[in-house]
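Asker: From TrEMBL, here are the annotated features:
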TRANSMEM  20-44  transmembrane segment
TRANSMEM  65-90  transmembrane segment
TRANSMEM  110-131  transmembrane segment
DOMAIN    115-249  domain 'Fatty acid hydroxylase'
């Protein structure tokens, strides 16, 4: 039964193989998935302007989102996707066309593959992030753009310079391929990674947030990353806390 659970979904997706195999699909999927994940939090920002009951969940209640900052973040995201990610994606699609196997992976294998990818991406991002904060030239040249705001909100997730966008895109794109993930597992990892990254930057500590599902503060979430934007000498890992705990850079409040 577990072997067959994902087969109907995979058959449905393979029915749109012309879209999945298009060299444009990775960029469209990335951009569409990102904006879709941001939308609930942007609506929450609008509602929080009127209702104090929602503002109490904000990590920085005094902060607010302006239309100018929305336009600025959206423009930067679109620019990075169209000018940098799109040409690389087209080249990769031409040099290494995708293949869609007939069989879906068993559900336990998909879950294990996605989790391993998430752990590896967490380590890669932690190392990249720590290096760019410890080497002043790297910070000034590549990472400073992301820290232009000390408060986080959804669209600041991809408010990054071109090199940071390409680096993190490289980690998230190449890791599943190097590990030999099934295409459905890759899609699952991409979606989860986008959602968790946006949640990290959402600026809210919500009752249903991912970090509340993990015991012993094993997962940092939005409070963890918001502290990093307030104090850039702590909390370098995007998701889990074990690497920061190991090197003494974990801060919880």
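Cβ coordinates come from backbone N, Cα and C, glycine included.
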Asker: Mean pLDDT over the domain 'Fatty acid hydroxylase' (115-249): what is the value?
Answerer: 96
Asker: So, by DSSP, how many helix, strand and coil residues make up the domain 'Fatty acid hydroxylase' (115-249)?
Answerer: 94 helix, 3 strand, 38 coil
